[in-house]
Amino acid sequence: MIDLRSDTVTQPCENMRKAMADAEVGDDVFGDDPTVNALQQKAAELTGHEAALFAPSGTQSNLLALLAHCQRGDEYIVGQDAHTYKYEGGGAAVLGSIQPQPIEFEQDGSLSLELVKRKIKPNDHHYARTRLLSIENTVSGKPLPMAYLSDARKFCDAHGLGLHLDGARVFNAAVHHQVSVKEITSEMDSVSICLSKGLGTPLGSVLCGSKAFIHEAHKWRKMLGGGMRQAGIVAAAGLYALENNIERLVEDHENAEFLAGELSSLAGIAVAGCATNMVFVNYHGTKPVSEFAEALYNQGVNICAGEQIRLVLHKDVTREDCVSVVEAIKNAL
Ligand SMILES: *Cc1c(COP(=O)(O)O)cnc(C)c1O
């Protein structure tokens, strides 16, 4: 099966499994797990931060950041379609009493700083206290422009806001811009990276920030049930991924471009966008899209059916697979 539903579907490779099997472990709640400690140190170094904390998921890692930045009754400004607002069960509001102020993304995935400025609440007893700007990179595969990052930093400094980056796919952004990930992440107050997307591990995210910030996040992680014991077994996969699976993301980007190019000439679907490892197509075929998806499935291609279809490239989809996908789509149409 060629699975294009997400880059979360990757299988750990032989070498990754070996690294996991051989990992030295300890009780991480005591801070004793050398592999977790090594992963956290490596993530901190890569992102240009003092400290880091391993979390079981990106949802938890983002929530830890929001809880560490904001108090009850504070507010964070965030994209209307951002993961930290829309796809995390309202955790900041439910568990942190933190009010979201969502605004629409711009075309390029940024949040207009002009618009953000208008949403900052005055220092007056009527309002929640605006504390944090939360941005995302990449957004639907789109890497934020590099210049935006320093603009956002300056803006947050000028307005006394913290700046959090949901960097679930920030390595795709770094590979796209041909910069080290640090150039994107070091100016943020905090960044959450996902190991389980394009980097190909079974699970895990890492939150990076200052020592004081990570100390605070650590307390929240325990409270949320994210304190894990011999977690080095999975941290070993993360270390392996950070050492071996970053540069290869370029192959996924090239495959996305190839696929978008091949699909652009077909009647019945229209390529709506292609950025880093994602291709978006609008389906206009004669049969219902669910039947189109079923016809693909029967040919060994798994997609999420919808008005707009997101095709995600990852390490378990080769160039030959892409050629097969194009054939399958032609047949299904
Ligand atoms: C996947 C993802 C997350 C974290 O998701 P988990 O499934 O909880 O690991 C956060 N932000 C973005 C943009 C994501 O794509």
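Including glycine, each Cβ sits where the backbone N, Cα and C put it.
The feature domain 'Aromatic amino acid beta-eliminating lyase/threonine aldolase' is assigned by TrEMBL to 3-283. Annotation source TrEMBL lists N6-(pyridoxal phosphate)lysine at K197.
Non-local neighbourhood of K197 (N6-(pyridoxal phosphate)lysine): S6, D7, T8, A168, R169, H314, each in the same chain, at least six residues away, with C-beta under 8 Å from its C-beta.
In three-state terms derived from DSSP, K197 (N6-(pyridoxal phosphate)lysine) belongs to neither a helical nor a strand segment and is classed as coil.
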